Amino acid sequence: MSYCILCFDGGGVRGIYASLLLQRLSTHHPALLAQADLLAGTSSGSFIALALAAGLTPERLLEFFSVDTAKQIFRPRYFNLWRPRYQQSQLKKVLEQIFPPDLCLKDLRKKVVIPTFQVAQMRAPCWQPIFYHNFPDSPYLNLRVLDVALASSAAPTFFPAHRGHIDGGVIANNPSLVALGLAVDPAGASRELKEIVLLSIGTGLGPHRLPEHTEHWGILQWTFILTSGCQVEFPLLTVLTEGDVEADARIASSLLGHRYFRLNPLLPRPVILDAWQEIPRLRRWAELVNLTETLTWLQQHW
């Protein structure tokens, strides 16, 4: 019998794009969520994975990724190069609407794995990736879901680190390989590779472009630049969180073959993670995606 994994990339406000694709898929193929054995998510994708594992519906996720919610989260402080751009308290307040304060990983209805990166821990000899999961022997079973979500979404420069952890997107913005590793691990699902089926849903492939002449760029330019459209972009953070996304997809595809499907359409233009004004446009783009190929794959493999 197949072991079904459902993965969600990170992407800030582009989580609405992934959520709407999910809602459309689950409407046409109800078994998508019912038969999912493992849910994986990074950063805003962790909100989706954890919410689904807690029993929330895709429709509720669409409410969560609304313009009003995003405006609450991305309420900027006064400009200050020495502090994160946004306060974690606003994000926490919003997450508490879907994750009760006493909800722990052990309480979730489905298995999950959520990547984060640990940068500060007295007992740890060095920086290290942390993959929070709720399989029976997990040391993380009593962790609050709220804390896991805050840790996985603590994007550097945007939000403060949460208890020494930062955004899982710096190591695995596409959590497919993390989920695949846990599925075959004896400490996880202990399945054989040939049993695994994996659907990976992205937040849209941004057509990012940098100026041609970057050979003389220093710290300042790689940290942030002003585009021709007078928008601030963060090249280094974008490379860190999105550069490995399609690389991981290629590796997962090589390992699983036809049992792997990647749904990550090209967006008409880039959308940075805090651009809440773009949410209505993201919704329209998601509605226009042709899901025929994805639904055919689901009918054959899921």
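Don't overthink the numbers, they just go from 1 along the chain as shown.
Cβ from N, Cα, C; glycine included.
Values in this document were obtained by computation on a predicted structure and should not be read as measured data.
Record features (TrEMBL):
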ACT_SITE  S43  active site, nucleophile
ACT_SITE  D167  active site, proton acceptor
DOMAIN    6-180  domain 'PNPLA'
MOTIF     10-15  motif 'GXGXXG'
Round to a whole number and give the Cα-to-Cα distance in Å for the pair S43 (active site, nucleophile) and D167 (active site, proton acceptor). 6
In the motif 'GXGXXG' (10-15), averaged pLDDT is 95
The motif 'GXGXXG' (10-15) resolves under DSSP into 4 helix, 0 strand, 2 coil
